[in-house]
Amino acid sequence: MGKAQKKTGKGRLDKYYKLAKEQGYRARSAFKLIQLNKKYSFLESARCCIDLCAAPGGWLQVASKYMPQNSVIVGVDLVPIKPIPRVVTFASDITTPQCRQLIRQELKDWRADVVLHDGAPNVGTAWIQDAYSQSELVLMSLKLAVEFLVKGGTFVTKVFRSADYNNLIWVFNQLFAKVEATKPPSSRNVSAEIFVVCREFLAPKHIDPKFLDPRHVFKDLAASVSGTDKGTSANNAQANVFQPEKKRRKRDGYDEGDYTLFKALPVSEFVRSSDPISALGTVSKMTFLTEEEKEWLKLDITTGDVKANCDDLKVLGKGDFKALLKWRLALREELGIDNKTKNTEDVTETVEVVEEVDEEEQIQEELERLKAEAAARAKRERRRANEIKTRTIQRMQQNMTAPLDIGLEQHDASLGGQDDFFDLGGAEKGLRKRGGLSKLGDRDNLESSDEGDASDEDEDESVLDSEEERARKVAGLEAEMDGMYEAYRDRLRERDAKFKVKESRQKNAEREEWHGIGGDAADDVDTESDEEEGGWDKMEAAKGENDDSSSDDSDSDDEEGPRPSLKRHRPDSTSTGRPSKRPKLVADLRAPQPTSQAAKLWFSQDLFAGVDDDIGDEEAMSAEEASGDEDSAEMDVDQDDQDDDFEIVKAAEDDDADMWDVEDEDEDQVKREKIKKHGLTTAEAVTLAQQLVNRQTTKTQLINDGFNRYSLNSREGLPQWFLDEESKHYKPNIPITKEAVAALRAKQRALDARPIKKVAEAKARKKFKAAQRLEKAMKKAEGVNATTDMSEREKAQQIEKVMRKGLSAGNKAKKEVKVVVAKGAHKGVKGRPRGVKGRYTMVDARMRKEVRAKKRVEKANKKRRRA
Ligand SMILES: C[S@@+](CC[C@H](N)C(=O)[O-])C[C@H]1O[C@@H](n2cnc3c(N)ncnc32)[C@H](O)[C@@H]1O
């Protein structure tokens, strides 16, 4: 569950999820009802509505919003529903009489205009079983609907496109004048759900109880579910043979590309087939057309019955099928296909034993044998495929991590016929021949023995078929390209300090990036979008944690799988010193090799999915199965992945409107502060902000625009060089306006004009001191004013003096000291030189140099003394 898309979050947290969050709905499914109501307008005129299976309450919220004031709205679910204004809710099972009573108590004499049903059983078993329960639930809801609906009322229900679909529609048609099935846009395409809107309830006086009885409505399916057959076509084929009395309908539709009912099969195929049962179960007729087949008609064993049976298989019973199988066995013996029975011809005693064996048993044995053979074959093939995968992985890993340093290309080229310069496969083979890859061989053998398979070198060679060879070459080339690109980047890093800075900035940007609205711009503008990013990451992380606890497989998914802010790590050059520019072909596999990042990336591709599991770790398999069960138990998270599209929008404990985790707030705070501190930093962001302020766009529009062709790009498995290129050019082109650029420039200019910190501090200090002086002066002035032994005039003079001093003290210009060099006319002058006014100081031309020299000597002497 949740593995097909891993619903890697991206698919799951879609536009409607975000809209639900934004508009305060508890579940994205709210939009389904909104869209259904938009099409059929049943809520606006309704005065009473019952919502069956209503938790967490998305539909109830919509009903309460669209229905007139003072309407009666009742919601029921197995789980309690958090209160919603104007809505009565209670917890009950809609399939029980107690639920019926509760609704009756609530409605009294009222009848409902609308009955809604969006129920989904808590799944966990096989799909066909789940679908059946869902259909049953629909029928139960219909039962309540017909009891409480007013004549002409509307019943809206969710149905799954299962085998029961037509039966349900038939029943609806008996009770409602208009029945329409529709899939609202918000219902995911991957979901099998469909909504049926039944209008104009006929309210018949008497309703045949069979209409509402699952045993009658889903009669055939119940039979097939209780039997051994779970609905697969292969099983169906077998069931057709062993229980031909019970005709099975094609409930699951026809096989891909096979839409005809009548099928003919050459009888030789039936005789030679390893799975005769399937042949008998699927074909209508077996033909004798070739010369060989016509010869068989002449044999004694081919009786008239056999011929007649071959003519129309659809009318045969169990005994006829047995007869055909018996005939097949006899014919195979005749033809020498079955060596086992042929050998028995030579041993008289054994022949006797064989003759004694009951027909029934013989067929049974044959069946057993065929089954065992098929199972063994499948197992062999699986193991073989696993081996191929494992070896491919090992080899590619080697190619990626180890330097190719022994001039193999020249060597192989010199042998002639080696066109491909990069043919690592050939080189490896050469090495293997020379024993250079003995370690690899050891490892291979080790693995083979682990799996209990006696595969040897020969088999190993046969496994390397041309396709694998080609795939390996391609992988080798790609790995080499990756290596070269890394080396190139390393060189850049060494040469260009700016590159490093750029790189780290880019990493930060990637970490910050939300792929919704579009990069930095969105990040800058919409703080709520930022919240979403936080929420997204948290949810992903939470999912990761869940997976961690439940499955090994999902562990790796978490590490390698796509993330909203996918960040690719480069191999740590510090740990390995300088990275080798050429990958080594031979590596010591005995020592545990750390998987390189490039290798991790490579192995995160679908091709390798499940390799680890397949290698035979049964524990991992069972853990995975267990996790599957656990997953399915998490109704609100995964159920809709499989069959229901219901998804609860995460809600905060206390506040419905604010639906993100409290933990996110810190992160959001940081982002908000960042924007507060630095403002909007890109022209795109400023443009979007201006559009928002000027009401040229809305937040919803922005979110909608965020779902563009760039937003859900998967970067999984793509080489780094490609991603680097893409990050430069393949991104949404958000328009920018002149005004935005001008605003940013103005801001930049203001920033440039700002004094540096020290100057600003000095200025502030000066200001502070001036204020202190002024305060002091004012105090003094007040003192002067308070004295009684001075005339008013004297006081005024004194105060003016004090204030002038206080104000001007800070502004005192430093008295200039004139420097007079003692050379020329001033050389040897004693006293004030001529023509110099004010303060002066005489300097010797050589004085500075001499003073410095003197200091140097003193310092040197000091050192010497200390030594
Ligand atoms: C898809 S959710 C409903 C979502 C709802 N329409 C909304 O918008 O919030 C399905 C609900 O069916 C409920 N359910 C399943 N079987 C039920 C039963 N027998 N009786 C009552 N509720 C049931 C589940 O508890 C689950 O909450």
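Residue 1 is the first one shown; counting continues down the chain.
Heads up, the Cβ atoms here are built off N, Cα and C, so glycines get one too.
Other Cβ atoms within 10 Å of the Cβ of K158 (active site, proton acceptor), summed over all protein chains shown, number 25. If you look up TrEMBL, you'll see K158 marked as active site, proton acceptor.
In the three-state DSSP scheme, D93 (S-adenosyl-L-methionine binding site) falls into the coil class. Cβ neighbours of D93 (S-adenosyl-L-methionine binding site) (same chain, under 8 Å, six or more residues apart in sequence): L78, C99. Taken from TrEMBL, the feature S-adenosyl-L-methionine binding site applies to G57, W59, D77, D93, D118.
What TrEMBL lists as coiled coil is 353-391.
Marked as compositional bias 'Polar residues' by TrEMBL: 228-241.
Taken from TrEMBL, the feature compositional bias 'Acidic residues' covers 447-468 (among others).
The compositional bias 'Basic and acidic residues' annotation in TrEMBL covers 496-515 (among others).
What TrEMBL lists as compositional bias 'Acidic residues' is 521-534 (among others).
Annotation source TrEMBL lists compositional bias 'Basic and acidic residues' at 535-546 (among others).
The compositional bias 'Acidic residues' feature in TrEMBL is assigned to 547-560 (among others).
Positions annotated as compositional bias 'Acidic residues' by TrEMBL: 612-646 (among others).
TrEMBL lists 653-668 (among others) with the feature compositional bias 'Acidic residues'.
According to TrEMBL, the feature compositional bias 'Basic residues' maps to 851-867.
The domain 'Ribosomal RNA methyltransferase FtsJ' annotation in TrEMBL covers 25-201.
Sequence annotations record features per position, and here TrEMBL assigns domain 'DUF3381' to 244-395. Mean pLDDT across the domain 'DUF3381' (244-395) comes to 73 in this model.
Annotated domain 'Ribosomal RNA methyltransferase SPB1-like C-terminal' per TrEMBL: 640-859, in sequence order.
For 228-253 (among others), the entry in TrEMBL reads region 'Disordered'.
Among the recorded positions D93, D118, K158, residues whose Cβ is positioned under 6 Å from ligand 1 are identified as D93, D118. Reported as a whole number, the C-alpha separation between W59 (S-adenosyl-L-methionine binding site) and K158 (active site, proton acceptor) equals 13 Å. Just so you know, of the binding-site residues D77, D118, the Cβ with the fewest other Cβ atoms around it within 10 Å is the one at D77.
When the binding-site residues G57, D77, D118 are compared by Cα distance to K158 (active site, proton acceptor), the shortest distance belongs to D118.
Counting Cβ atoms from all protein chains shown, W59 (S-adenosyl-L-methionine binding site) has 29 others lying within 10 Å of its own Cβ. Applying an 8 A CB threshold to same-chain residues 6+ apart, the list for G57 (S-adenosyl-L-methionine binding site) reads R26, A27, G75, I81, K82, I84, V87, T89.
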